[in-house]
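Taken verbatim from TrEMBL:
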DOMAIN    132-182  domain 'Inner membrane component'
DOMAIN    356-475  domain 'Sodium/calcium exchanger membrane region'
DOMAIN    579-721  domain 'Sodium/calcium exchanger membrane region'
TRANSMEM  135-158  transmembrane segment
TRANSMEM  240-268  transmembrane segment
TRANSMEM  325-346  transmembrane segment
TRANSMEM  358-379  transmembrane segment
TRANSMEM  385-405  transmembrane segment
TRANSMEM  426-448  transmembrane segment
TRANSMEM  460-480  transmembrane segment
TRANSMEM  527-547  transmembrane segment
TRANSMEM  577-597  transmembrane segment
TRANSMEM  643-669  transmembrane segment
TRANSMEM  681-698  transmembrane segment
TRANSMEM  704-724  transmembrane segment
Amino acid sequence: DVPKATEPRGDSDGPRRGSLCDRHCAAINNVQGDLSDLGCHLHRPRVPPAMSPPSCCQQHSEEVCESCVVKTTLTAENVVEANKLSNNYKFGFKKWKSHVTARPWEDRSEIVKELYSDLNVIRGSGGSTVTCGNVLYVLLFGWWLSFLYVLMAAMMFITVVGAPYGRLCWNLAGYFLWPFGKVIQKVEVPKSHRALGVCEAGAEASGAGESSALLGGPAPRRWRPRCWADGRHWQRAGALVWLCLGYPMLVLAHGLVCVTAWLLVVLIPVAKLNARTVTRVLLLPPEQVLVRRLRMTEVPLEGEVILCCYRAVNPYYYKYAVDGINVFAVNLLPLVLVTLVLGYVDSHNCLTSSPVKFTLALLSIMPLSYYIGMAIASISAQSNFAVGAVVNATFGSITELTFYITALIKGSREGNRCYAEIVKSALTGTLVGCVLFVPGLCMVIGGIRHQEQRFNSRSAGVSSALLFLSVGGVFAPTLFSKVYGKLVCGECHNVTQNPLGHYLCHNCHFDLMENNGTLYYSHVQPLVYTVSLLLPAAYLIGLFFTLKTHTHIYDIHVSGCHMPGHHHSAVVHWSRWRALVILLLSTLCMSACADLATEHISPILTNSTISQYFIGVTVLAMVPELPEIVNGIQFALQNNLSLSIEIGNCIAVQVCMLQIPILVLFTIFYPTNFTLVFSDLHVYASMFSVVLMNYIFMDGKCDYFQGTVLVMVYFILLAVYFFAPSPSGC
């Protein structure tokens, strides 16, 4: 860090200080960190000791030096992407790692380009094709696909008129048994031979024309029927037999392989192979399809290459995206439809049980959270600051609030206080998880790649101060009730057999409803309403402080790239209207899934031997936050720990300053069993977590050891919740 001035200078040194600081900031901005996956560059606000002049304290004022230290310059590909990057550093805005615009093809790495290839590119010698992934393909799909093609070939030969397709199936049987290092070509038959209609002449001409050193010599002689003109071949009897008997069976088989391989993600090349076979290869005239094995040479092929595959497994397909949507979110989208159909059609649990429906509903929340996050990021990046702030404030916590409100409504209808306790456990679990687990996990994973990571301690300090304020405000009614409430215990036993001796009591709690609830309605409830008004006001003040009056804390400057290939107009994945429609639909589906989760959680709470506290602080609290955790890990791997920490802090602040006041406001219009009085375990766990987080973040740098400490403390708290008895009323 650049040292600060120890004493102020006179006004006469003002111009000199400014010019020196400009040169100092220019030196700082030369220290660049590469954010290759974002397609931009981050200028780190850290100077090596050799570049830091020892006389900075005597030559710079404190405020000028601080502006140099915290300055961060981002280089974006276009205006929309620049807005998204800038929004990531704004307090209260959702942090989003993925691109909201299409990256220029020439700027992508060769690994990413290979992910989007159509498997029709012939490469040079790349080593042996005998790999573990290719062997796995043979064990999973290759052997039975090859056997199916042999059966189809026999059936086509039996029909006589389908003999050309039988020959094609026989060749494809060998191809799909081991397609690696082989190529499927579309070979054009010369027009002169098609006009003559002579089979032998066509075969000889084709054999002569397909000679290639790359393919290993002349092509074998193939039998070809007469008059195979491109416009008339489907009118032949063999083509009709093929479309009625052979093609449908192969479409079903390839469709099954395609879906299975796509869901496994790393086998997406196999999915592409089968999809291209169905849509191209099997629809061509059989004499135009040529299957050959490649040789170790670079002579180009004659004819169009339809398929050329070298390996079945590619571990980098976790980066694959469809219209800007990550492949995992695409694969989980059908799960949402299955959950809604099973949940509302099978209302009597004839097909599945309640625990299965609860699990499906909870898993469906993950892709919906992803779609909501991307929609918010897309709208904010394409809109002005006011619209982005409104969208983030309105839909930023919609995932959690939807579940909490539906749970409280169900508990109120059934008269079951256990649902309110589950909501309190989920709120505490989200707070503790985002304060300890999210930044701790990001530190550990980022520390594996980077020995030491630095972050903006001033911006983290703002979030920490708000966390202290919010935790104190949220638990103020709880502390008030413990001071003035009456302790009521059940199942008391006299240990000494003396009426004046000691008693051992169980299930003790503070009763706030003594004397017809005078203490609660006259003292605790007004305090709850006061806190619920002050916390959102403090949140707004924090927004005004960080986004208006003290923006230099972040001082994010976004400039245009000066690299080749970056001068492109923005091609957004989702337009504003499309993002808005997806946001509303995802919110609607989220409400339905939350309703199903609360509907089928009762058997789990009743029959499970695990404490309801543990279910609330783990499953119900952290599953909706998985997309945010993934974003934080990606930022940490890019050595951008500031955003990883801000992700957890912002969620924790929103839990205390927005979500809890909204739940209190909801109970005013719809009476429920929810009161802002938490158990001792929730109070101690939350306060200890916030204190520990502030101690770790004090110096503005961290490593994997400090992250390990946070994660271990989180797991210790989970163990406490696991062995804790269930709350009273459950």
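For all residues, glycine too, the Cβ spot is worked out from N, Cα and C.
Because TrEMBL annotations are produced automatically, they should be read as predictions rather than curated entries.
Within its own chain, the transmembrane segment (240-268) is flanked in space by residues 115, 133, 137, 140-141, 145, 148-149, 152, 155-156, 159, 161-162, 165, 169, 234, 274-275, 277-278, 282, 312-315, 317-318, 320, 327-328, 331, which lie at least six positions past its ends and keep a Cβ under 8 Å from the stretch.
Between the transmembrane segment (527-547) and the transmembrane segment (704-724) there are fewer than 3 Cβ pairs closer than 8 Å, counting only pairs 6 or more residues apart in sequence, which means the two stretches are not in contact.
In summary, the transmembrane segment (681-698) lies against the transmembrane segment (460-480): three or more C-beta pairs, each 6 or more positions apart in sequence, are under 8 Å.
Counting Cβ pairs closer than 8 Å to the transmembrane segment (325-346), the top stretch among 135-158, 426-448, 577-597 is 577-597. The DSSP breakdown of the domain 'Sodium/calcium exchanger membrane region' (356-475) into helical (H, G, I), extended (E, B) and coil residues amounts to 104 helix, 2 strand, 14 coil.
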